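Visitor: Sending over a structure as structure tokens; questions will come in a sec.
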Amino acid sequence: MEVLKIFEDKFKQIIHNNIKSVLLENNDAEDTHQSPQKEGTPDRPSSLACSYCRTHFTTLSEQRDHFKLDWHRYNLRQSLLQKPPITEEEFAEKTTKDDLSSISGSDSDSDKEDTLDTYATAQGKIFLQNSDGKVFSLYACLLQQKKQEDLPENLHSRLHSCCVTSQKWAVLMLGGGHFAGAIFDKYEPIVHKTFHCYTVRAGQGGAQSSRDNKSGGTHPKSAGASLRRYNEQALMQHVRGIVEAWQSELNGCGLIFYRAAGPYNRSVLFGGGAPLFDKEDPRLRSVPFSTRRATFAEVKRVHSVLTLAHVYESLEAAVECFTRHKVNEQNTKRSKAKTTCIDRAKSRETIERPLPVPRVSESSEENFKRPLAVAPVSESSDEDVDLLMENQQIFLEDSLQEFGDSLTPKQRQLKKKKKPKKSKAKKLQEQEEHRKKELIDVLSTGNIDKLSQLLENFLKVSDKKEDFVNEAIDDQGNTLLHVAALNEQQETLDFLLKNDANPCLKNQKQQTAYTCTQSKDIREVLKQFARDFPDKFNYNKAQIPTNVLTPEEQNEKKKVQRKLKKEKEKVKRKENEIKRKEDLEKERFLNLSDREKRALAAERRILSQAGTVISRCFLCAADMSGKVPFEYLGNRFCSVDCLKAHRMQNPVVLS
């Protein structure tokens, strides 16, 4: 035996020839993939025929008698074991040579019926053989889905597509609050992600949602239960985010393997209004063997096991190796079983016991009055006892049902279970949800005619129009105005406002119809309604600004603002002009010589005596009118600093 990876070139050389499926036992039958119908699988039954024995009848009584025969029961068991049926002549020869233990359904013969092929099927394996005679086994889920009982007719092309063409696989595992997923390109993981949320009840197991469903309306309100409920929602959102982020990679995968045990874990992948995966996707496969906790290492191990193929030189070598593996596994199971346990299903050794003899009283009269269950029997009188035999024929045609024994125990259990009837409250709730959903669709599309019709139908039942137009119609507490505003339906919004819809109502986010949207057109409709009907509602509570000016008033206000701006600019220009002239006067005075400055000062003194005297500082030319100057060498200064600066510039030379 040789173990190969199905993506290796050596394995590709093995599958390049014609491939057919083989059985480890009873392999003389016709190949499974060559016939369009699986052997042992009944055809579609006609009115007077047996699909298991492949025979027809002329009357209904013959058909009912046939169902009582051991031949029919034998072929029925052959069909359950996925074996072809036999003819009546072959069954007669078999009964003369062998016993009829295979017909009975006792548990004592279960070991004989557990053949190598059924053992391989339980392991999820399939055996294939190429034209060179080499036999190899791999997991059947690589070639067919779980619900597909027949092998595909294009077995070679399906195997070539799995191992050569589509080498990108995805493996997703979810259980116990743990998630692990990866996408492999051949052997290397392209992307992978793992995380864990606390969703399983400690010590008891099971998801919190399962516990809530069993408890009915009284859910646990502990902190741990609330945390587990929150984590379940977070887990679903996290898994959805990961799958949506990997969508481009998942679209290119040839196979998608998943392990999601339990209803909650399956609902994460396949539940909800927009499920992550479609159950009818032909790429979906369930992991055919037991796995451990969902981790990245376990995901890699699952991918590695799925890509293994066991190659045998011949069919005999495969049978020998698989038989040895089966015996070793059975011995391991037996060693683990307790030897002290009594198996009451096995038959015990029969021990011959003497028949009970009743006590005979002295008085025959008492014996006559006492009812005796068993007559006195002696060993010597066994031959003298005469036995009476009477044949009676019982007709059960009225109570006999066709195919009555073909149901499995699971099917019988499902048949007994009655579908729970919906309560009146639940029906009313479903009708109410359907009505709200229809109303949301009408508001979203802006169908005013339909909305008006719904309003008229409501007014026929009730006179309160406000109950209809102000109703909260979704889980977020949005009213009809909120939905119309969010979908930017101006005409629908105006229709609702004119029909007494209250714009002051808020949703769960404390938003009014004005604040829940950013559309300028929708907000303008609400503002215009507030201007047209200023006393109808409290618009401060509705958060609608009522002091907003009209466009004409805004234009007039802008004109006044422009006029004021022009006046301010004019005053500022005047001030700048005065300052500029002052600066020019200062510059001109500073450019004068000391003699010219003294002359100008004298001139100013003369003019000041006439009532228009102007005095300036000798150094900085500042106006000193009304000030007491500081004089030095006949010069006048406005401050001591100017005087000091002039002395530093013109030092006095002492002779």
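Even glycines carry a Cβ here, placed using N, Cα and C.
Curation does not apply to TrEMBL; its annotations are automatic.
What TrEMBL lists as region 'Disordered' is 26-46, 85-115, 204-224, 406-432. Sequence annotations record features per position, and here TrEMBL assigns domain 'VLRF1' to 165-309. Annotation source TrEMBL lists active site at Gln208. Look at TrEMBL and you will find 476-508 tagged as repeat 'ANK'.
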Visitor: Using DSSP, how many residues in the domain 'VLRF1' (165-309) fall into helix, strand and coil?
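Guide: Summed by class, the stretch gives 56 helix, 38 strand, 51 coil.
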Visitor: Which sequence-distant residues neighbour the repeat 'ANK' (476-508)? Criterion: at least 6 residues beyond either end, Cβ under 8 Å.
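Guide: Hits for the repeat 'ANK' (476-508): 439-440, 443-444, 446, 448, 451-452, 455, 465-466, 469-470, 514, 516-517, 519, 521-522, 525-526, 529, 537-539, 541-542, 544.
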Visitor: Which residues in the same chain, at least 6 apart in sequence, have a Cβ under 8 Å from the Cβ of Gln208 (active site)?
Guide: Thr199, Arg201, Ala225, Arg228, Arg229, Glu232
Visitor: Determine the mean pLDDT over the domain 'VLRF1' (165-309), rounding to the nearest whole number.
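Guide: Mean pLDDT for the domain 'VLRF1' (165-309): 87.
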